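Asks: Take this structure first; my questions come after.
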Amino acid sequence: MKDIRLRARAKINLTLDVTGKREDGYHLIQSIMQTVSLYDGIYMKRIQKDEIILKSNLSWLPTDNRNLAYRAAELMKAKYGITEGVFIEIDKRIPVAAGLAGGSADCAAVLVGMNRLFDLGLSMKELESLAFLLGSDIPYCVQRGTVVSEGVGEILTPVKCQCPMCYVVLAKLPVSVSTATVYRGLDWQSVQDHPDTKGMIQAMAEADITKMGRLLGNVLETVTIPMHPQIAQLKEELVHLGAEGALMSGSGPTVFGLFKEEENAKKAASAIRKKFGLKEVVATKIYHSDSGKRGEQRNGRNKI
Ligand SMILES: C[C@@](CO)(OP(=O)(O)O)[C@H](O)COP(=O)(O)OP(=O)(O)OC[C@H]1O[C@@H](n2ccc(N)nc2=O)[C@H](O)[C@@H]1O
Ligand SMILES: Nc1ncnc2c1ncn2[C@@H]1O[C@H](COP(=O)(O)OP(=O)(O)O)[C@@H](O)[C@H]1O
């Protein structure tokens, strides 16, 4: 039976602005999203019996249609009349409910995986449209890279210059933050400090990581930091440890710091782990696709 291995990578938001609110309560955003190397491993296999079997290394992660990866397989099966089944195994490494889009990345990977496993021949654009039915961040997780995300997350414009290579420390407090609660708590019209999206793109074009560090900005911090003030302490400590800048990712609570040197990022990660007694601290880096094409076959293994 045909099988496939994929890497579902996490994202950070280098900038996140909210520019309006739709009548249905969803917020209009402008955000520079960036893929990082940290990934969940996804293994998928066609099975004869018409069912979806999902397993993961986290005992408490749902394995039914509360899991976004399951929902992706369910949607594809229904839409394309697939009567065979699929086995999905998730090796979860991205912290959950963290502002890193781990669930969305798994979901996007399963959409890509179903397309390949069942030879559906769908284009990236078609996969992104399906992705948007499942969540606002998921079209981006299909596309990946350095992208300006607008609308509620469905309007994606790749940034022409690549984000310069730098090292990223992710530190997650042991608390869960609901994206819906954070957006509900935002009074977007009274936000004073809007991130400079254009300035950030310019800094990336100049490969000026120091300037990028200065321009990091996320309006959702105004909601999540009062709920969890340690986020501000983590940001301060990362800068103290040599980060060019630090920011909360998405709706939080993960904080990331940007470092020029890998060694410094690793040292900072271990210092943060000790000082704050945190388990979920990862030193990773900006992800640059080396093939330019998602799902490219390398060394006999499918990677995304
Ligand atoms: C904040 C961001 C920034 O990248 O990321 P995360 O923190 O989730 O990683 C995203 O906008 C999150 O996208 P995602 O997590 O896919 O959101 P969804 O599942 O579609 O929606 C969860 C809830 O958030 C609110 N929501 C979401 C997106 C948006 N543009 N405006 C909203 O108000 C809605 O109330 C919705 O019920
Ligand atoms: N495959 C999955 N991995 C992680 N979380 C998932 C998954 N499927 C559904 N979820 C649920 O989605 C919610 C958001 O998870 P996640 O995508 O990790 O966070 P965020 O949206 O903050 O980046 C969690 O409450 C989690 O229970």
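Positions of Cβ are set from backbone N, Cα and C atoms, glycine also.
Please treat TrEMBL annotations as automatic predictions, because they have not gone through curation.
Values in this document were obtained by computation on a predicted structure and should not be read as measured data.
Not my notes, these are from TrEMBL:
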ACT_SITE  LYS11  active site
DOMAIN    67-142  domain 'GHMP kinase N-terminal'
BINDING   PRO95, VAL96, ALA97, ALA98, GLY99, LEU100, ALA101, GLY102, GLY103, SER104, ALA105  ATP binding site
ACT_SITE  ASP137  active site
DOMAIN    200-276  domain 'GHMP kinase C-terminal'
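In the displayed structure, how are the listed features positioned relative to their neighbours?
Replies: Cβ neighbours of LYS11 (active site) (same chain, under 8 Å, six or more residues apart in sequence): MET33, GLN34, THR35, VAL36, LEU100, ALA101, ALA105, ASP137, TYR140, CYS141, ARG144, SER249, GLY250. Reduced to three states, the DSSP call for LYS11 (active site) is strand.
Other Cβ atoms within 10 Å of the Cβ of GLY103 (ATP binding site), summed over all protein chains shown, number 27. GLY103 (ATP binding site) falls within a helical segment according to DSSP.
Within 10 Å of the C-beta of ASP137 (active site) there are 26 other C-beta atoms, taking all protein chains into account.
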Asks: With the Cβ atom as the reference point and anything under 6 Å counting, tell me which of the recorded positions (LYS11, PRO95, ALA97, GLY99, ALA101, GLY103) are near ligand 2.
Replies: ALA97, GLY99, ALA101, GLY103
Asks: Can you tell me how the residues of the domain 'GHMP kinase C-terminal' (200-276) break down into helix, strand and coil by DSSP?
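Replies: Its residues divide into 46 helix, 11 strand, 20 coil.
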Asks: Out of ALA97, ALA101, ALA105, which of the binding-site residues has the smallest number of neighbouring Cβ atoms within 10 Å?
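Replies: Sparsest of the binding-site residues ALA97, ALA101, ALA105 by Cβ contacts within 10 Å: ALA97.
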Asks: Where's the emptiest Cβ shell within 10 Å among the binding-site residues PRO95, GLY99?
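Replies: Per-residue Cβ counts within 10 Å for the binding-site residues PRO95, GLY99 bottom out at PRO95.
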Asks: Under a threshold of 6 Å between Cβ and any atom of ligand 1, which of the recorded positions PRO95, GLY99, ALA101, ALA105, ASP137 are retained?
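Replies: The qualifying recorded positions are GLY99, ALA101, ASP137.
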